[in-house]
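Working notes for the structure below.
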Amino acid sequence: MTHQNTAVLTVFCAILIVLLGGVSALQGGLFIGKHEGDTLHLMQIVFRMAEGQTPHLDFMTPIGALAFWPIAVLVKAGLGIGMAIIWAQIAAAVIFLPVVIWVARTRLSPGVGALFGLIIMVLLLALVHGEAQRSVSISMHYNRLAWAAAFVAVVMAVVPSQRPSGTLDGVIMGAMICIMAMIKMTYFVSFAVPILVAMILTKQTRAIFVAAITGLAVVAVITVMEGVGYWVAYAGDLLAVAGSDVRAAPGEPLAAIMGAPAYLGGSLAVFLSVIFLRQAGVAVGGLVLLLLIPGFFYVTYQNFGNDPQWLLLVTVVLLALRGQAADTINRFGINARDGILTMACVSFALTAPSFFNLAYSPFRHAATDTSDYVPILPRGGVHSDLYAANLRVNRVDGRIAMDGAVEGLTAFEDREDPVEIFGEIIPRCTIELGLPHVMDVIASDIDAAGLSQGPGGPRSMFAADIFSSYWLFGDLAPMAGGAPWYYGGAPGLKDAELILVPLCPVAQDVQGEIAEILNGLVEADKITVREVLRTELYVVYEKTDL
């Protein structure tokens, strides 16, 4: 790419940052349309980190610290959580800008470079996780950041540089690999080996060496700051989630990700891409793309929504490698080089609904009628700049079992037994809407009853449900060693002085799993509990360790 084309691409990407980032910030806050529970999970982690706590050491999460650290820094500096999220995304895009320009300049044509820059900037600045549902959500923001790092690393590994650049390539590659590992280990596990193989096959020896040094330097810095225990705790959190029945894979089974009707087109396209690359003489590119396919499927399987965003990467890789392809006619009379272009177009077409949803989500956010939105934290002070639709915050809807409870409806024989905790039979009921209001009411009741404060200061509370965000709404303290999102076991229970049993939880299957643990501890005389507060919505117990 010439200096002039590089300058044009730089201006193009800068305009994207100003446009998408500026439009996102216009409202002066963040207005989400769904995923309030996920948002509360994000807020818990950010607030704890802003107070100086460290993920994995002070609380349990399988998500790496880098996913939340930029937001936490801005919150600690005084920004509200809503604007901190938006400005953290803008900062990430600014940091990625020179990386994108370098990759495009050394490896891509002007057109492919512009597409690559567009995709990376959209991933970093979007206000929705993907899919095609028209809504604003900050849920799983870390997946977009990890995809951006993976896209950069894969393109650098598969497409050889057109100029000597091993040292800088290695620094960038090492940084991208570390970003994946420190955001979501799924991406590192899925793509590290294919990336290494690609770099070996494309003879990027110096870059491999420098990337290894860069990665080790990052590990050394983190180890000096947090200690070896940080890595042990991170691994422990990952293993705990991998063995959990609650959230090990939040969506379709792996076989469906590969062959279900919604995904089969993408699977066929990527396998045909491998064939066309090999037939066109791009043997290394074809082999590496083949090695990447299991990772594509696994990351999609692990991510909520199961959105195959890797198709965007396949599009860029195919267009970048097409320049190496020969005009080979296969036995079916198809020009393999034309086949590569066709598969690139097919890949983009298959993911276009998700991509365009990502791309115009900032504009959707700017056009939101904010009159129907209320703060998620009604007494959040500066953090009242994160809003959700009034209907989704304050209208409380639940799902109840009617068979066996309503005259004329015979009980379903195969329904699981109701959950029982401390002798309390929990009604068959789950919260479907209005979770923030429910949590606010419960936290306010506990404060009013004087239960949130103990002789040593604020008390912590273990919730028998998937979420434990109640402390965000009142005077309770977060649990030491707790889990903002429940994955299994009883994390934080040792620190908790109170136990909350919602009579209409968010996830009754999770409550059932927790019930077995709590009842077992009582039966084994390891804890005692005493009821201290009861309403139609919940029961609160004081816990004493024996």
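Positions of Cβ are set from backbone N, Cα and C atoms, glycine also.
If one looks beyond the transmembrane segment (59-77) by at least 6 residues along the same chain, the residues whose Cβ comes under 8 Å of a Cβ in the stretch are 42, 45-50, 53, 83-85, 87-88, 91-92, 141-142, 145, 179, 181-185, 234, 237-238, 240-241, 383, 478-485, 487, 491-492. Annotated transmembrane segment per TrEMBL: 59-77 (among others), in sequence order.
The annotation transmembrane segment is assigned in TrEMBL to 84-104 (among others).
Within the chain carrying the transmembrane segment (110-130), a Cβ under 8 angstroms from the stretch's Cβ atoms is held by residues 1, 5, 8-9, 12-13, 16-17, 20-21, 24, 30, 89-90, 92-93, 96, 100-101, 103-104, 136-141, 143-145, 147-148, 151-152, 155, 304-305, 307, 309, 312, 315-316, 319-320, 354-355, 357-359, 361-362, 364-365, all 6 or more beyond its ends. The transmembrane segment annotation in TrEMBL covers 110-130 (among others).
Residues annotated as transmembrane segment in TrEMBL: 142-159 (among others).
TrEMBL lists 171-201 (among others) with the feature transmembrane segment.
The transmembrane segment annotation in TrEMBL covers 208-234 (among others).
Per TrEMBL, transmembrane segment is recorded for 254-277 (among others).
For 284-304 (among others), the entry in TrEMBL reads transmembrane segment.
The transmembrane segment feature in TrEMBL is assigned to 310-329 (among others). Residues 107-109, 111-112, 115-116, 119, 147, 150-151, 154-155, 158-159, 266, 269-270, 273, 277, 279-282, 285, 289, 292, 296, 299-300, 335-337, 340-341, 343-345, 347-348, 350-351, 355 of the same chain lie 6 or more positions beyond the ends of the transmembrane segment (310-329) yet place their CB under 8 Å from a CB of it.
What TrEMBL lists as transmembrane segment is 341-360 (among others).
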Sequence-remote partners of the transmembrane segment (254-277) [C-beta within less than 8 Å, at least six residues beyond its ends]: 283, 285-286, 289-290, 293, 296-298, 300-301, 306, 308, 311, 314, 318, 321, 325, 336-337, 339-340, 343-344, 346-347, 350-351
Ranked first among 84-104, 142-159, 208-234 for CB pairs under 8 angstroms with the transmembrane segment (284-304): 142-159
